[in-house]
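Novice: Pasting the relevant annotations from TrEMBL:
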TRANSMEM  A:12-37  transmembrane segment
DOMAIN    A:64-278  domain 'ABC transmembrane type-1'
TRANSMEM  A:68-90  transmembrane segment
TRANSMEM  A:102-123  transmembrane segment
TRANSMEM  A:143-164  transmembrane segment
TRANSMEM  A:197-218  transmembrane segment
TRANSMEM  A:257-281  transmembrane segment
Amino acid sequence: MRRRNITAYGFLAPYLLIFAAFWVWPIIYSFWLSFLFTRRQPWTFNPNTTWGRLVEDPAFWNALKNTLVILVVQVPIMIALATVLAVLLNSTLLRARGLMRFAFFAPVVVGEVAYAAVFRLIFSEDLGFVNKALAAIGLPEVAWFSSPTAAMALIIMAVTWRWAGYNAIIILSGLQSIPDDVYEAATLDRVSPVRQFFFITLPLLKPVILFCVVLSVIGTMQLFAEPFLITNEGGPGSATETLGLFLYLQGFRVLNFGYASAVAYTIAALAVLISLLNMWAGRERA
Amino acid sequence: MAELTLRAVRKSYGTVDIIHGVDLDIADGEFVVFVGPSGCGKSTLLRMIAGLEDITSGEISIGGRVVNDVEAAERGIAMVFQTYALYPHMTVRENLSFGLRMNGNPRADTDRRVARAAEILRIDALMDRRPKALSGGQRQRVAIGRAIVREPEVFLFDEPLSNLDAELRVQMRVEISRLHSELGTTMIYVTHDQTEAMTLADRIVVLRAGRVEQVGRPLELYGNPTNQFVAGFIGSPRMNFLAAETIGTIGGGTRFRLVNQGGAVIVLPLDRPPAPGEAAVIGIRPEHVAPAGAGDCDLPLTLDVAEHLGSTSYLYANTQAGEPVVVQAAASDGARAGERIAVSIPAAQALAFDAQGERLR
């Protein structure tokens, strides 16, 4: 090996060692773990208790169903909202643009526990602002934490609130890369602003939106903090229990590491699969 | 087809005036070129005609209709942008037909117009490609095609060739010229390249700092510029300017002493001679500088650089006082740097300007 290569690897070594010890090794080890029966010492090779159980465990299927419902409902709503938001944030008519952009980005910066606490307060069934507001305009109050559907809606709203601005900023960068003169040409082509949005802006934003969708799919597949903190560990019952939460409960409540590892690998595989599907569906056609 | 009129058109951004009142009449079918250095307001003026920029005051009419408050889309103009501004996600065919499709134009008519534009611009073979698979010249053809399919009354070109390489520029220049004679539509063309202006225009509008300096046919501007700016801007290499001082009149002529030429004197026939002692500038184009003895005022020069282009040579020389003079000479490979040469200025080709740059006649 050449001298300068040795020096370079010398500088990289501390990082590579830590990466190997705390990243690569756990990934490999947890894969091995997913084939072990870990309820009793000594751990024994028995995939039936992990991968086998996965297939027939109604709790797993419930968590998977909840996760997919959130994915299918929340991601499209949030991306649509983020796109509209990005267009608004890009508007020359908007005052204090820098401040607005920061404001919509800010939820990502706020700690999860803090924002979860605020959501719990706002949606509190007796004292919360939302139910008070609903009552004020004559609508029935909603049992946000005791109705399965309402709890699911609450999770979806919370996640959307937290990540819409973040995605909007990414989409905004895509918007800004579309040259003005393309719109001027369209204006001279007598294309209305609304049609310009649908026939020029959206198609040109497709790669950026696809990127946001893939990020959001990965994020939602791992969704943990909101059901854990806002709806009391996936409540009511296990109506908002997600795969991430199910994994946590199996691994760190029940201490069934083998089974939790199998769940973890399933989550990762599903995230990759859905992302690939997205990229295939949104591929550039010749 | 339409004629176009600008009356006292102004543009300011806040307190900064960009266009200082432009008056211009453009005849139906005319090819007019706006030329001027960067920042002279030529593109802004074009965009004001297009309706992409508001005008601060004045009046613009196209085909007899005042369009100040008419949307860009309704002005009957089509524009070709410097950066082409093609829709990147559409094929050439879709780019050409997009505007028509969006406005519910009948399919058969759209296809006919697209096919005709493709034929005129010889881009038939490219119809299913996307812009990124096209060369610069091809993209510019598509951009022009998109303008053609609109069948506009006025074509506007905003520096359409400045992103192309030199050879392609010459080729596209010829094509645009051919396009104008084929379509016979009014065209307004913005460029900073005086060669493009000279070769394409029926009439040239020379702009400087938001003001029209002169409007005229190319050879009129070349032979009879109204001021030193136009004289210097039109023609390549640019006109030589020699500092001078008015001495007095003799016969029907005015005598000027070339102050940096060691007392050389030239006599020009002027109707209104400036007062003796007044500063002036004598202009002579490189191609009009004559061999020693053949003109009316001999100048000794020291050669700095000689460019031999084959058919002609450009000699970059200096007077004794270091004033640069460019001489276009017949092909000769004799001249070398540092050599002393002698040339002469024919009075009939020389122009005089006052200290403010206005032409003395």
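Just so you know, glycine gets a Cβ as well, placed from its N, Cα and C.
Quick caveat, the model's predicted, so the values are computed rather than measured.
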Novice: Quick check for me: are there 3+ Cβ pairs below 8 Å between the transmembrane segment (A:197-218) and the transmembrane segment (A:12-37), leaving out pairs under 6 residues apart?
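Specialist: Checked: the transmembrane segment (A:197-218) vs the transmembrane segment (A:12-37), no contact.
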Novice: Which of A:12-37, A:68-90, A:143-164 shares the most C-beta pairs under 8 angstroms with the transmembrane segment (A:102-123)?
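Specialist: Answer is A:143-164, with the largest number of Cβ pairs below 8 Å.
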Novice: Assess whether the transmembrane segment (A:12-37) lies in contact with the transmembrane segment (A:143-164), where contact requires at least three Cβ pairs under 8 Å among residues 6 or more apart in sequence.
Specialist: no
